[in-house]
Amino acid sequence: MGKVYDWFEERLEIQAIADDVTSKYVPPHVNIFYCLGGITLTCFLVQVATGFAMTFYYRPTVTEAFASVQYLMTDVNFGWLIRSVHRWSASMMVLMMILHVFRVYLTGGFKKPRELTWVTGVILAVLTVSFGVTGYSLPWDQVGYWAVKIVTGVPEAIPVIGSPLVELLRGSVSVGQSTLTRFYSLHTFVLPLLTAVFMLMHFLMIRKQGISGPL
């Protein structure tokens, strides 16, 4: 093992990276509330793991979606647990995100020179809410269907572009298979990818600028 480690160390300088990560200065005013962002990240990782597991059984069609969720909950080993953890961590992620935003705002963490960190955080907050909206519809039960119908119908009040925007969101004039396909694609591919990119940017900026000082 020593030779293998030395081979990688010679090329990647792993020890220098580890020293940089473990020796970062932590201000004395930091308390447990500064962990809310990290908890949000942890919830996101749980979401990715449990969501990936559920894709093996979920079928994104209007005729099979609900039945596939029922099958996952009743017939798949620990399927009920996987879906329950996914739902619980989703709620926890939203709660931790909201608390994190309040903590950053109340402690002035959005001020110069951390404006871009704040902007990426706001984008991540929007993405988090979007996860909830798109994921809520995937079981395609009565609650999910009508939630999608209401949410996608909101932009119709916008002058000129309202109706085309609604049709873009739904994939057609009415809510149906195209809508479910769009929401499934957003929930399982587009939103996770965007979230991962903005989280990386967010943490790199925090790493570069450090934790903001006390008010």
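Even glycines carry a Cβ here, placed using N, Cα and C.
Note that this is a predicted model, so its numbers are computed, not measured.
Swiss-Prot has this to say about the protein:
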BINDING   CYS35  heme c binding site
BINDING   HIS86, HIS187  heme b 2 binding site
BINDING   HIS100, HIS202  heme b 1 binding site
TRANSMEM  32-52  transmembrane segment
TRANSMEM  90-110  transmembrane segment
TRANSMEM  116-136  transmembrane segment
TRANSMEM  186-206  transmembrane segment
Non-local residues, at least 6 beyond the ends, that sit with Cβ under 8 Å of the transmembrane segment (90-110): 33-34, 36-37, 39-40, 43-44, 47, 117-118, 121-122, 124-125, 128-129, 131-132, 135, 212, 214-215
Distal contacts, the transmembrane segment (186-206) - CB-CB under 8 A, six or more residues away: 41, 44, 48, 51, 55, 114, 116-117, 120-121, 123-124, 127-128, 130-131, 134-135, 138
Separation of alpha carbons, HIS100 (heme b 1 binding site) and HIS187 (heme b 2 binding site) (Å): 23
Cα separation, HIS202 (heme b 1 binding site) to CYS35 (heme c binding site) (Å, whole number): 15
Lowest local Cβ density (other Cβ within 10 Å) among binding-site residues: CYS35, HIS86, HIS202: CYS35
Packing count at HIS100 (heme b 1 binding site) (other Cβ atoms within 10 Å of its Cβ): 23
